[in-house]
Amino acid sequence: MSRIAETFARLRAAGRIALMPYLTVGFPERTSTLELVPALEAAGASLFELGIPFSDPLADGTTIQRATQRALENGITIADCIATVAELRARRVAAPLLLMGYYNPLLRYGLERACAALAAAGGDGWIIPDLPLEEADDLRQLAAAHQLDLIMFIAPTTPPARISQITAQASGFLYIVSLTGVTGARQTLAGNLTDLIANVRQQTNLPLVVGFGISQPAHIAEVARIADGAIVGSALIDRLERLPPEDRVSGAAAYIRELLSAVARP
C-alpha cells in the first residue's frame, strides 16, 4: 500500500478527513519549506502539495503567482524541489509529499529523469493542472513504474462521460476543484459541489480531495460532510506574506490547527 493510501486509510478509520497544505517551494525564503513542512505536519497536516515555481502558472490566482515569482527570484528549480523532498525525508517528515507543477518545465527536465529522482527522494506523486487526460499517458505510466501517483482533476464543468474516463485512469486520490476559475481564497464554495462529489463517488473508491477557495474552518466543515480531504493554498500563502519572518512558522502552524478544529467527520 502506498503512503497516500495508508494515510487515507488511517484517517478514515479515525473518522477524519485529510488537510493538505499547499506551499510554493522556496517561498517566502529559499529554505522556508524545510521549516514549514515539519511544523505543519506536527500541527496535524496529513499530506503536502509542494509547488514548483513556474513563470506562467495558468491555474493560479494572484496570491500564488506572487509566491511563485518570489521563489523564482530565490533561484528555485525543479531539481531544488526534488532535493527539498529528499531533505524533508531526512528530517523525518512522514506525510505524503507531492510536487505540483506545470507540464512544459517537467517535459524539458525529462519525465523519466524527474520520476526517478522524485521516487529516490521519497516523493509520492505529481499534480499537473495543465496536463489533459489525452496527453497524460507518458507521465502516468512513468510515474506508476516508479510507484508514484499522478493526481487527476475533476471540476464542476467536467462532463459525466469525461469523469468516467478520468476515474478509470486515476490513482492516489482525485483532486476535486470546488469552483471554476483560478486558485484563491473565497468566502463560499460552489453550490453544486455536493452533487459533483456524489456523482464521482459512484464511479471510484479513490479518496476525493477538494481544493480551490478553501480558507476557513466553515469550509473544512462543509468539505468534511462530503469528501475525504481539503487543500488549503492561497489562504495559507496570504498568511505567510503578512506574517513577520520570526512568526511565519508558528503562525502557519496555528492556522492549520484552527482549520483542523473543523476536520472531524460528523
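Just so you know, the numbers here start at 1 and follow the chain as drawn.
Cβ coordinates come from backbone N, Cα and C, glycine included.
In sequence order, Met20, Pro21, Tyr22, Leu23, Leu98, Met100, Ile127, Ile231, Gly233 make up the list of same-chain residues 6 or more apart from Glu49 (active site, proton acceptor) whose Cβ falls under 8 Å from its Cβ. Residues annotated as active site, proton acceptor in Swiss-Prot, with sequence analysis given as evidence: Glu49 (among others).
Residues or ranges marked as active site, proton acceptor by Swiss-Prot: Asp60 (among others). Counting Cβ atoms from all protein chains shown, Asp60 (active site, proton acceptor) has 25 others lying within 10 Å of its own Cβ.
Secondary structure from DSSP puts Glu49 (active site, proton acceptor) in a beta strand.
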